[in-house]
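Record features, source TrEMBL:
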- 46-426: domain 'Cation/H+ exchanger transmembrane' (DOMAIN)
- 487-626: domain 'Cation/H(+) antiporter central' (DOMAIN)
- 629-783: domain 'Cation/H(+) antiporter C-terminal' (DOMAIN)
- 32-51: transmembrane segment (TRANSMEM)
- 63-79: transmembrane segment (TRANSMEM)
- 99-116: transmembrane segment (TRANSMEM)
- 128-149: transmembrane segment (TRANSMEM)
- 161-184: transmembrane segment (TRANSMEM)
- 196-220: transmembrane segment (TRANSMEM)
- 226-246: transmembrane segment (TRANSMEM)
- 267-300: transmembrane segment (TRANSMEM)
- 345-370: transmembrane segment (TRANSMEM)
- 377-397: transmembrane segment (TRANSMEM)
- 409-431: transmembrane segment (TRANSMEM)
Amino acid sequence: MASNATTVGHACPSPMKATSNGIFQGDSPIDFALPLASLQICVVIILTRGLAFLLRPLRQPRVIAEIIGGILLGPSALGRSKRFLEVMFPPKSQTVLDTLANIGLIFFMFLVGLELDIKSLRRTGKKALSIAVAGISVPFMLGIGSSFILRESISKGVNGAAFLVFMGVALSITAFPVLARILAELKLLTTDIGRMAMSAAAVNDVTAWILLALAIALSGSSHSPLAPFWVFLCGCVFVICSRLIVPPIFKLMAQRCHEGEPVDETYICATLTVVLAAGFITDVIGIHAMFGAFVVGVLIPKEGPFAGALVEKVEDLVSGIFLPLYFVSSGLKTNVATIKGLQSWGLLGLVTFTACFGKIVGTAVVSLACKVPKKEAFALGFLMNTKGLVELIVLNIGKDRKVLNDQVFAIMVLMALFTTFITTPLVLAIYKPARRARAADYKHRTIERKNSKSQLRILACFHSTRNIPSMINLFEASRGVQKSEGLCVYALHLMELSERPSAILMVRKARKNGLPFWNKGIRSGADRIVVAFEAFQQLSHVSVRPMTSISSMSDMHEDICTSADSKRAAIIILPFHKHERLDGTLETTRSDFRWVNKRVLEHAPCSVGILIDRGLGGTTHVSASNVSYNITVLFFGGRDDREALAYGARMAEHPGIRLTVIRFLVEPDTAGGITTVDMVENPNTTLRSMDEEALSDVKLNVLSQDDSIKYEEKFVRSATETIATIRESSRCNLMLVGRMPDGEVAVALNRSGDCPELGPVGSLLTTSDFSTASVLVIQQYSGQDSLNLVSEMEENSAGMDSEAN
């Protein structure tokens, strides 16, 4: 073709140079490879992330936005303007774009291989295996059937055998990463349907890659009938050799990587080189380079910190920069305008119906035969019908191999987009798992109770290892050595589910154990959090059960509240969204956690405490014999203050703890500053008597000469005196305060603060004037959702933004 073009006087476009000399030297940057590629990447990222933001309310995975973004940039929408294509995606830039996209694909498939655990596939149950077989075989056969219709109409003259296999694979494949994301969004990971879907999808994934390798082998352009045989045979030899060579080498690397120490850069570089070399070998064989990367990823040992370090080094650059280019590369090949006429649209409907019918009905029928409930069976079918990037990979390879023409390719891309888009709404419509029923009304939803010797159950949440030392020291202070039933702690690690591949690794871990899941069984030294809690449990004889919650920030509070209810917790302890700096001031860690705390306060099934951590006990666990804490309870009156007092009384039983209870009262001769309320006509008279009853036990302990408890009454005449008294009392290790105190003194102090979720006293104690003590702000469970924090939080949202800065 080139020689003919030259004959008629048309020269082929010259290759693009890498960099320009700049516009001041007369060069146009978009005529050079590097500046044009940079511009293309920026446009792609802005468009796809913008679409992802718009689709977030519909709970669609980001892959949907990336597919739509690729189509919009292609000839189906913006690309209909030839001027746009000539400027942004000229033909001479296609090679650079495709090369970058395929490099991203190679490393993405390496990460996909890291996600798959062969050991877990071996343990797949018969039920999940049967569902996987049905979910592959039925749509595969229907895909072959529909391929005959397509070949007779719009796809004449293609390689018959390769076309049959490509169509079968395209209709039968399930996108494992996308499915994991959808299950996590719908809170179905730990249900039976979620576990079966993930297991079946993993089996489906491996089978589909094997079938795709066969399709690629059959799609070669060689006229030799033995060429496909040699391609497939060499591919099998490559897999066998990799199985013998790769695991021992990487196991040796993993053994030399110790937890808490950075992974040697040489190992990371060597791994990435092996991935590229494996891709080169499979490309030489005649199979796509991504297969070599996928095989290496599967064979790398998953134990230890090495696999996590690999993901951390690779994922952000690949999934954030290079992979979206693959969707654009695919979108530039997709021209919806080729689907025209009644026949083409009818074929689109046929392919879509065949794909959905095969997956949904095939999966549902086998699920029903395995005695899965009807709604769950059909929901499982819809979940298994999820497509995504894996589908696009299959279609692009078919397009590059000339097995799929432009019209068939466009039909298949729209089919993949439609089937993935409808998954979430259909599952929600058909299978609405009722919110986990509350545990039978258990008595102790508060710390304040008649039987003070009953077991105390705490659900303590933390975001990172930074929160652990103070949490453990708080557990030590809470255990109360005289209690007959002791203390039971559930330590819940809050982890955000993101679009990153490492989130799928977390999902896989949660799928094995439940969500929130128990960290049980044999663990490697990689789980430092679990090791810390186990060491504390052995030293203190306190039952500590580590758990992990993986969810998006918008519904993380649901996991917390559900866990507290199912574990019969009396109090949830949450870390404050700010941490202490070296100068004693508090800076925002992540403002999102503030909203999580606010929602927990609204919906909690028990009492809630927010811990403002200023290094309680230092940065290490203080053993019981060395504990020496001074704890102060500020008592103004009301339900929340009584809960703080009850908690402080429990702590006072520890031999190393000295408790000081400070009660604030109005000076009898107050003429101004604090308005005295007439308690005879006030309905809070009952509350006043309850306060007196709660304080009576403290006074009895003082009268019995209990050195561990000290009781003081402070008479104040104004809010200024109250603040001064609080400042004097802050020279301790921990302060316990109620979130919404009652009484005349509290009313005078009740002013709007920057942190309404902490209440007036808690907000006051976050200022730099009170920088010596940690603070636990407690809200007692009231039995009803009577809180109205939304308006307060909205009023202070502007202040929150300024705090973050």
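We number each residue from 1, going along the chain as drawn.
Placed from the backbone N, Cα and C atoms, the Cβ positions cover glycine too.
TrEMBL entries are annotated by machine, without manual review.
Just so it is clear, the model here is predicted, and its values are computed rather than measured.
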*asked:* At a Cβ cut-off of 8 Å, and with pairs 6 or more apart in sequence only, do we get at least 3 pairs between the transmembrane segment (377-397) and the transmembrane segment (226-246), yes or no?
replied: no
*Apart from its near flanks, which chain residues at least 6 from the ends of the transmembrane segment (409-431) lie with a Cβ under 8 angstroms of it?*
58-61, 63-64, 67-68, 71, 76, 170, 175, 178, 182, 185-186, 188, 193, 330, 333-336, 338-339, 344, 347-348, 351-352, 355-356, 359, 375-376, 378-379, 382-383, 385-388, 391-392, 395, 398-399
_Contact yes or no, the transmembrane segment (99-116) and the transmembrane segment (267-300), 3+ Cβ pairs under 8 Å, gap 6+_ = yes
*By a Cβ-Cβ criterion of under 8 Å, what residues six or more beyond either terminus of the transmembrane segment (267-300) are in contact with it?*
102, 105-107, 109-116, 118, 209, 213, 216-217, 220, 227, 231, 234-235, 238-239, 242-243, 246-247, 250, 253, 256-257, 306-307, 309-310, 313-314, 393, 397
_Contact between the transmembrane segment (128-149) and the transmembrane segment (161-184) (at least 3 Cβ pairs under 8 Å, separation 6+)_ = yes
*Same chain, outside the transmembrane segment (226-246) by at least 6, Cβ under 8 Å from its Cβ: which residues?*
213-214, 216-218, 220, 274, 278, 281-282, 285-287, 291-292, 295-296, 299-300
*asked:* With Cβ-Cβ distances below 8 Å as the criterion, list the same-chain residues six or more beyond the ends of the transmembrane segment (196-220) that contact it, or say none.
replied: 112, 116, 120-121, 124-125, 127-129, 131-133, 135-136, 140, 159, 161-162, 165-166, 168-169, 172-176, 179-180, 183, 188-189, 227-229, 231-232, 235, 286-288, 291, 294, 363, 367, 372, 380, 383-384, 386, 390, 394, 397-398, 401-403, 507-508, 511
*Within-chain partners of the transmembrane segment (161-184) [C-beta distance under 8 Å, separation at least 6 from its ends]*: 61, 63, 112, 115-116, 135-144, 146-147, 150-151, 155, 194, 197-198, 200-202, 204-205, 208, 211-212, 214-215, 218-219, 351, 354-355, 358-359, 383-391, 394-395, 398, 401, 403-404, 412, 416, 420, 423-424, 427, 497, 499, 501, 503-504, 507-508, 550-552
*Let me know the model's mean pLDDT on the domain 'Cation/H(+) antiporter C-terminal' (629-783).*
78
